[in-house]
């Protein structure tokens with residue numbers, strides 16, 4: 001099985017919250033697609049709560065689009081990581097980490113403005129696969145955590161696992 005890009009970086013050295021360019025590629029039409037690792041939690045030390053990450057998934061996707069789309073950028077998708085330490089964001093364009101971090105920070109502030117569970121987008125059995133598994137309170141705690149700690153940058157060249165280490169794992 002091929003080694004995926006996300007497993008070539010040392011998770012023991014990742015900072016959080018932090019933005020990382022996980023991958024950049026070109027489409028046949030020469031559009032740039034960039035995948036960002038938006039790391040909310042320090043891997044293997046912290047984890048996003050199940051209900052909190054689910055609620056955040058519903059809120060974060062819209063708020064990030066509000067703050068990042070435009071000027072050559074269009075978000076394709078924002079999805080939670082299976083390890084529950086962050087989200088992957090795929091987009092058309094190549095914004096720098098500072099622009100993504102500023103949008104992320106603004107989106108977390110927006111999350112805190114949602115004051116009622118009933119205001120969570122798509123919170124119904126028709127549009128959500130587990131619509132009863134939400135917590136606005138936990139999503140607020142995650143947003144506050146990000147805002148209090150600030151958003152840094154993780155760089156692939158600083159986190160790359162050496163080839164010999166990859167072979168031994």
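Each Cβ is built from the backbone N, Cα and C atoms, and glycine gets one as well.
The annotation Fe cation binding site is assigned in Swiss-Prot to 54, 58, 128. Long-range C-beta contacts of residue 128 (Fe cation binding site), restricted to its own chain and to partners at least six residues apart, with a cutoff below 8 Å, comprise 58, 122.
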Additional residues surrounding Fe cation, by Cβ distance to the 54, 58, 128 centre under 8 Å: 55, 57, 120, 122, 123, 130, 131, 133, 134
Cβ contacts of residue 54 (Fe cation binding site) (under 8 Å, same chain, 6 or more positions away): 80, 130, 133, 134
